[in-house]
Amino acid sequence: MNPFQKNESKETLFSPVSTEEMLPRPPSPPKKSPPKIFGSSYPVSIAFIVVNEFCERFSYYGMKAVLTLYFLYFLHWNEDTSTSVYHAFSSLCYFTPILGAAIADSWLGKFKTIIYLSLVYVLGHVFKSLGAIPILGGKMLHTILSLVGLSLIALGTGGIKPCVAAFGGDQFEEEHAEARTRYFSVFYLAINAGSLISTFITPMLRGDVKCFGQDCYALAFGVPGLLMVLALVVFAMGSKMYRKPPPEGNIVAQVIKCIWFALCNRFRNRSGDLPKRQHWLDWAAEKYPKHLIADVKALTRVLFLYIPLPMFWALLDQQGSRWTLQANKMNGDLGFFVLQPDQMQVLNPFLVLIFIPLFDLVIYRLISKCRINFSSLRKMAVGMILACLAFAVAALVETKINGMIHPQPASQEIFLQVLNLADGDVKVTVLGSRNNSLLVESVSSFQNTTHYSKLHLEAKSQDLHFHLKYNSLSVHNDHSVEEKNCYQLLIHQDGESISSMLVKDTGIKPANGMAAIRFINTLHKDLNISLDTDAPLSVGKDYGVSAYRTVLRGKYPAVHCETEDKVFSLDLGQLDFGTTYLFVITNITSQGLQAWKAEDIPVNKLSIAWQLPQYVLVTAAEVMFSVTGLEFSYSQAPSSMKSVLQAAWLLTVAVGNIIVLVVAQFSGLAQWAEFVLFSCLLLVVCLIFSVMAYYYVPLKSEDTREATDKQIPAVQGNMINLETKNTRL
């Protein structure tokens with residue numbers, strides 16, 4: 001039977017090759033050499049692209065820097081909802097590059113795609129800024145505007161991601177491949193410069209400027225929006241200087257159809273009646289031209305190498321989550337400068353700005369002079385190893401922190417701290433329901449202690465009997481407690497005798513390097529205490545206890561206090577990182593109020609500087625892996641599919657974020673053990689990647705052109721040539 005003839009069931013085994021598809025590609029017209037920057041190999045158009053990328057990254061990272069706080073304090077979402085939406089937005093930003101690449105390669109081309117999606121990007125910033133104006137509607141409207149804005153921003157930033165880097169690479173002639181390689185380093189430099197500056201500036205716009213009596217989120221979102229407008233204007237200004245390769249048809253659809261046809265054709269002919277073919281994609285030769293099949297082969301070869309890569313991003317992206325939470329339990333006082341926990345991640349773009357020229361101009365050149373073939377894939381493998389080491393160091397730091405962290409009571413346990421506000425020493429005996437002794441402790445008057453005693457209960461809730469011996473007096477008080485809580489027993493004067501009150505304590509270190517304070521008012525007048533931006537704390541008279549209030553670390557020499565008829569000042573002194581304080585207001589003097597200061601939970605002692613080694617390692621890993629990966633993706637992509645491959649590279653970042661969410665949600669491990677788990681997983685992935693890369697044969701510029709005129713070389717497996725020994729890891 002003729003293989004090109006329909007059978008009785010009207011199923012087509014093979015489709016005839018159209019005359020148009022069999023024709024060779026028309027020769028390209030001679031290219032005009034674009035103007036260069038100061039006689040270098042860099043086209044002038046590159047300057048517009050790099051400035052555009054700097055402004056766009058400033059816009060993105062600046063908005064993202066204050067996004068979580070916006071969710072928490074403006075929309076009043078809880079931490080779980082805020083975290084979920086934040087990571088969902090981040091993942092969406094790395095999934096949409098597939099759409100942008102498809103539009104660029106099959107419809108509009110890279111230039112128009114960048115222009116149009118940048119307009120969508122700007123519109124998203126407009127919605128986001130409007131959603132941060134307090135007087136504009138209620139919470140529902142703010143939420144809708146915010147989610148619409150974030151969706152448009154994700155579409156805009158994700159859609160242009162694969163296009164901008166590849167469009168910059170298009171500006172170079174083939175003979176300037178070395179300059180193109182350096183361009184990707186400059187491009188990555190612009191990304192991190194924008195990230196570094198915006199991460200410093202936008203939190204200042206939010207916190208230091210007040211809008212409608214609160215933090216100015218509208219300004220913090222509006223300024224990044226203006227930077228995106230500037231990015232669009234700068235990019236459009238270079239329009240006449242750009243080389244604009246036209247789109248080469250519906251590439252994504254062609255690739256999918258080609259792969260599908262090859263698989264179906266191979267499956268239909270699995271009986272072996274027809275001769276075997278050198279590669280499974282060769283089964284598409286009856287319908288698709290050889291140059292397309294060769295391009296798809298080159299694409300799948302690189303995509304196969306991409307399979308292990310998400311694990312690297314799973315580690316790298318934890319700088320903004322797990323590592324920040326780790327910094328939250330450390331002391332940010334560096335002596336000459338006080339560093340907040342969420343500011344530590346600024347170290348990454350700062351080090352990138354140093355490491356990129358250091359690696360390009362010094363380290364790589366020294367390795368080259370030693371005649372070591374340090375290829376792109378080898379750099380990426382070394383980057384993975386450095387990331388493994390970074391997380392091993394993070395695990396060591398975490399174990400050190402665990403030795404200093406404030407413990408939490410378990411089931412049928414409570415922690416009890418005794419504070420003596422009486423004039424003399426008091427002996428405290430705590431008895432259980434069966435009069436069994438749970439605690440015997442002597443406490444000096446106004447003794448400053450951070451000591452908590454662990455008491456074992458007989459049930460989840462229980463009444464405890466407190467026997468207080470003061471001079472010759474014995475006082476008995478009963479208090480109810482519940483398991484897994486921390487309590488403070490406050491002993492105070494009651495005329496000639498003493499009494500006690502049991503106050504539930506948080507027992508938890510304040511988040512984000514803040515200090516937590518509360519007050520006990522022994523005066524006979526109600527007291528209002530003003531702590532800067534928040535509403536005054538009200539403390540009732542005669543041993544009234546205030547709620548906790550978190551404040552920034554710093555000195556508070558003159559806190560405003562007032563009763564119904566007088567105004568006073570109160571010196572709180574230095575409030576330190578992660579410390580919980582109790583202030584007992586004892587009396588009024590001519591200088592103001594006097595208070596006794598006690599630390600419930602001690603200061604974070606481990607310096608945040610101990611995170612420096614892990615940041616150095618992970619940043620070096622990023623430079624070797626990410627910068628190299630950008631250039632590798634471009635150089636190994638067929639000319640018709642460069643944006644598609646760039647989008648696939650970014651897609652590995654999205655998958656990496658999902659890995660973090662899954663492991664963090666279901667591992668149930670201690671934090672140090674989770675760090676070790678990630679380190680070991682990446683080490684295994686690195687070994688697999690190294691084996692895959694050993695057999696990888698790099699794509700040469702003439703490979704796909706030659707494929708249209710001669711037989712496709714023998715390649716086996718998943719596009720890994722097992723016959724050649726000309727390997728390049």
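Just so you know, glycine gets a Cβ as well, placed from its N, Cα and C.
Copied over from Swiss-Prot, here are the features:
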type     : residues : note
REGION   : 1-35     : region 'Disordered'
REGION   : 402-611  : region 'Extracellular domain (ECD)'
TOPO_DOM : 1-57     : topological domain 'Cytoplasmic'
TOPO_DOM : 79-87    : topological domain 'Extracellular'
TOPO_DOM : 109-113  : topological domain 'Cytoplasmic'
TOPO_DOM : 135-139  : topological domain 'Extracellular'
TOPO_DOM : 161-183  : topological domain 'Cytoplasmic'
TOPO_DOM : 205-217  : topological domain 'Extracellular'
TOPO_DOM : 239-295  : topological domain 'Cytoplasmic'
TOPO_DOM : 317-343  : topological domain 'Extracellular'
TOPO_DOM : 365-380  : topological domain 'Cytoplasmic'
TOPO_DOM : 402-611  : topological domain 'Extracellular'
TOPO_DOM : 633-643  : topological domain 'Cytoplasmic'
TOPO_DOM : 665-674  : topological domain 'Extracellular'
TOPO_DOM : 696-729  : topological domain 'Cytoplasmic'
TRANSMEM : 58-78    : transmembrane segment
TRANSMEM : 88-108   : transmembrane segment
TRANSMEM : 114-134  : transmembrane segment
TRANSMEM : 140-160  : transmembrane segment
TRANSMEM : 184-204  : transmembrane segment
TRANSMEM : 218-238  : transmembrane segment
TRANSMEM : 296-316  : transmembrane segment
TRANSMEM : 344-364  : transmembrane segment
TRANSMEM : 381-401  : transmembrane segment
TRANSMEM : 612-632  : transmembrane segment
TRANSMEM : 644-664  : transmembrane segment
TRANSMEM : 675-695  : transmembrane segment
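Sequence-remote contacts of a segment are chain residues at least 6 beyond its ends whose Cβ falls under 8 Å from one of its Cβ atoms, and for the transmembrane segment (381-401) they are 312, 315-316, 322-323, 326, 329-330, 606, 610-611, 613-615, 617-618, 620-626, 628, 671-673, 675-676, 678-680, 682-683, 685-686, 689-690, 693, 729. Per DSSP, the secondary structure of the topological domain 'Cytoplasmic' (161-183) breaks down as 20 helix, 0 strand, 3 coil.
Fewer than three CB pairs closer than 8 A are found between the transmembrane segment (184-204) and the transmembrane segment (88-108), and contact between the two stretches is not assigned (pairs 6 or more residues apart). Across the topological domain 'Cytoplasmic' (109-113), DSSP helix (H, G, I), strand (E, B) and coil residues number 5 helix, 0 strand, 0 coil. Residue counts for the topological domain 'Cytoplasmic' (633-643) under DSSP (helix as H, G, I; strand as E, B; rest coil) come to 9 helix, 0 strand, 2 coil. Same-chain residues lying 6+ beyond the ends of the topological domain 'Cytoplasmic' (161-183) with a Cβ under 8 Å from its Cβ atoms: 31, 33-34, 40-43, 45-46, 49-50, 52-53, 56, 93-94, 96-97, 100-101, 104, 110-111, 113-114, 117, 242-245, 360, 630-631, 634-635, 637, 642-644, 646-647, 649-650, 701. The transmembrane segment (58-78) and the transmembrane segment (644-664) are not in contact, since fewer than 3 Cβ pairs between them lie under 8 Å (pairs 6 or more apart in sequence). Highest Cβ contact count with the transmembrane segment (612-632) among the listed stretches 88-108, 296-316, 344-364, 644-664 falls to 344-364 (criterion: pairs under 8 Å). Sequence-remote contacts of a segment are chain residues at least 6 beyond its ends whose Cβ falls under 8 Å from one of its Cβ atoms, and for the transmembrane segment (114-134) they are 56, 59, 63, 70, 74, 100, 103, 108, 141-146, 148-157, 159-160, 163-164, 167, 211-212, 214, 217-218, 220-222, 224-225, 228-229, 231-232, 235-236. Sequence-distant contacts of the topological domain 'Extracellular' (205-217) (same chain, at least 6 residues past either end, Cβ-Cβ under 8 Å): 66, 69-70, 73-74, 132-135, 223.
With a threshold of 8 Å between CB atoms, the same-chain residues lying at least 6 positions outside the topological domain 'Extracellular' (135-139) that come near it are 75-76, 212.
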